[in-house]
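Here's the structure, in structure tokens; my notes come after.
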Amino acid sequence: MIQRIQTVYLLIALTLTAILFFVNMAELASVTDNYILTFKGVTDITTSEMAISSLALALLITVTTVVILVSIFMFKNRILQIRICGLAIGLLIGISAMIYFVGKTSANELGAELAFKWPIIAPLISLIFIVMAMRAIGKDEALVRSLNRIR
């Protein structure tokens, strides 16, 4: 399983997606308070109180992480693995849109300035690695089919 390059690509994508559970995705600064955007929602830095909860973002990141993990272990069924990777790509696009949406609406609601941090690009980099994995899986499938024709 680990010898295949697509597994390495999927592991990198999994790591980049799982990082979103542990980092701050954006900072929101208002006149009176400072907030951070995490996977749970917007939290006040000084009081550690949840200002705005975002269950949808947490759920989307969790589902995407599980889908990528499942795709790693579907190595015996390459066609299904490619389809699951396609689903993961859609979910990663959804994560990027959801982070942007939650950040913008929270900034408007709190009257704060929004500054995205580097983790905002993690889903996009993960998406690139999944596309690379899909191409490698497709090449494997083509190789197996060509070998079946020779027999």
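Note: Cβ is positioned from N, Cα and C throughout, glycine not excepted.
Within the chain carrying the transmembrane segment (52-75), a Cβ under 8 angstroms from the stretch's Cβ atoms is held by residues 1, 4, 7, 10-11, 13-14, 17-18, 20-21, 39-42, 81, 84-85, 87-88, 91-92, 94-95, 98-99, 102, 106, 109-110, 126, 130, 133, all 6 or more beyond its ends. What TrEMBL records for 52-75 (among others) is transmembrane segment.
If you look up TrEMBL, you'll see 82-103 (among others) marked as transmembrane segment.
Remote same-chain residues near the transmembrane segment (115-137) are listed as 4-7, 9-10, 12-13, 16-17, 19-20, 23-29, 68, 71, 78, 81-82, 85-86, 88-89, 92-93, 95-96, 99-100, 103 (criterion: CB distance under 8 Å, separation of at least six residues from the stretch ends). What TrEMBL records for 115-137 (among others) is transmembrane segment.
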